[in-house]
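These features come from TrEMBL:
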type	residues	note
DOMAIN	325-522	domain 'Major facilitator superfamily (MFS) profile'
TRANSMEM	53-74	transmembrane segment
TRANSMEM	86-109	transmembrane segment
TRANSMEM	121-144	transmembrane segment
TRANSMEM	210-234	transmembrane segment
TRANSMEM	246-266	transmembrane segment
TRANSMEM	272-294	transmembrane segment
TRANSMEM	328-347	transmembrane segment
TRANSMEM	367-388	transmembrane segment
TRANSMEM	397-416	transmembrane segment
TRANSMEM	422-451	transmembrane segment
TRANSMEM	463-483	transmembrane segment
TRANSMEM	495-516	transmembrane segment
Amino acid sequence: MSKEKGELDMTILDSQKPAKYYTEENQANDDKEKILHDEPEVLSKPRIFLLNLSWYGLSLMFLLLSVEVVPAQVHALVGDAAKGRWLGGMIAGGAAVTFFLSPCIGMASDRLTLQIGKRRPIMIFGTTGLCIGLIGMALSASHIKISRGTNSTLVNGTCYRDLVEHRCKPYYNGTTNLHTHRIHNGNPSSLLVSGSGNAVDLDPEPPGDLALYIIFYLLVTAMFATINVPYNALIADKSNSSQRGFNSGVMGCMILLGNVSGAAVGTCFTEIGVIGAYATAISVVIISVCVTVFTTTENPGKVVNEPVGCIAIFCGFWQPLKEHDFRWVFITRFLMQQGVSTVTGFLEYWVSDMIQLPFCWNAARTVAFILLPLLFSASIGSVIMGIVSDRIGKRKIIVIIAAVMMSISCTALTFVNGENAFWMAFIIAFFFGMGLGTFQSIDFALVMDVLPDEKDKAKDIAVWHQALVLPNAIATPTGGIILDYFESVDCTIGLGYIILFAVTAFYFLLSAIFVTKIKRAN
């Protein structure tokens, strides 16, 4: 009996011990097999290029409209005194539409079960609606006139002006109307500066229908989000973990090249007019989106049993932010974009008020040329650093370097003014662009590393996308208040611009500090 009991005890012990080890190994192997099964295939470089090509067309459209066309149309529709308020209201309305619509689109995309996939059908729908909205915006305000240059005196290739008088004129006693105009015109989204031929020359009668124009503008904003949300998720779906940095770098490059092309088209806005600008934007968007959609394959969408209701939509905003790493990625990107929106938005006002314009260009054309080295260096940095991040497996240190470069560049702008400021700004723009491109090369890869929920990928990316949308609305009033208040304190030294760029440098510095809080990314 004792022998049998001993053998039985040993049998139980042996059966339990191996079972424990088997269970742990089996679980690990199952998890590994699941990861390998769910891991996207490794794409060739041409396929990654085609996958990200839509960003080129969308970015060209966005920069061309936001920098040149929309401010000019609003100015023509409402007049000089009210353009800032109306443009600011439109931007705020568009941001609100995007904020509430994006998570809904994300959840709908995650639950779509069509055989052709769950991302591309929504992209096609969004592109169709976007083109309809763009045509409506073009036709509802198609007749505007833009001055071709300044009336300043050309001396040795430079337009010399009394910059102190130019800056302080709105604050002279007895010039309340000018001061009021300065406040209204402080909206950073409008890059058309009044005075000396920089403003739009208005027709005697309003050249369009303002109400109709705003409706189509909001439609365009909604459709732009309808494309972006599933498109970001499509790129995430197709990104192998070994290629996330390169994929993110190509995305950043396409965005920046689109911005360069939009700036180039914008320099010809006077010649091609409103209809020509919109026709260019529509053509490039259709071609680029169609190339991506028809050269990319998707698996059929899987059934998601979780219902979509008001509570689910509301929780969709906050649920991803409860996850530690996702929350810090969101904050990091928010601060970075807050700084970028402030710099690019107020750059033309700084050019007009703080530097001598070269070759008697107007401020809009001068800014376009300053943007060229910024965008080209950003494109180069985006691709290079995307590859580097994949090879060294480090993302946080690259983001920190990018943020510090941009912070130093903004600090340098606080000391730049006067005769040679244009050429100094040209150099600073190059280094700022390197930082911007470096950040954009890592930006999307970083969020893919920390996505909290695979089944709700599109929804989570849509929430993360708000870190890009919200600063576009917040940077406008914040920067405008800072600029106008401190300029009224001491306009002789351009105190408003000094404080504005100092605050922007602080945004970037905080972004560099907070990225260290992310735990699941190296």
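Glycine is treated like the rest: Cβ placed from N, Cα and C.
With respect to Cβ pairs under 8 Å, the transmembrane segment (86-109) is most closely packed against 210-234, considering the stretches 53-74, 210-234, 246-266, 367-388, 495-516.
With a threshold of 8 Å between CB atoms, the same-chain residues lying at least 6 positions outside the transmembrane segment (210-234) that come near it are 51, 54-55, 58, 62, 70, 73, 77-78, 86, 90, 93-94, 97-98, 101-102, 105-106, 109-110, 118-120, 122-123, 125-127, 129-130, 132-134, 136-137, 140-141, 289, 292, 296, 298, 444, 457-458, 461-462, 465, 469. Across the domain 'Major facilitator superfamily (MFS) profile' (325-522), mean pLDDT in this model comes to 80. The transmembrane segment (328-347) makes no contact with the transmembrane segment (53-74): fewer than 3 of their CB pairs lie within 8 A, with pairs spaced 6 or more apart in sequence. Here the transmembrane segment (121-144) has Cβ contacts under 8 Å with residues 54, 61, 70, 72-73, 75-77, 105, 108-109, 112, 114, 200, 202-203, 207-210, 212-213, 215-217, 219-220, 222-227, 229-231, 234, 273-275, 278-279, 281-282, 285-286, 289, 292-293 of the same chain, all six or more residues outside its ends. Contact check: the transmembrane segment (422-451) against the transmembrane segment (397-416) gives at least three Cβ pairs closer than 8 Å, residues 6 or more apart, which meets the contact criterion.
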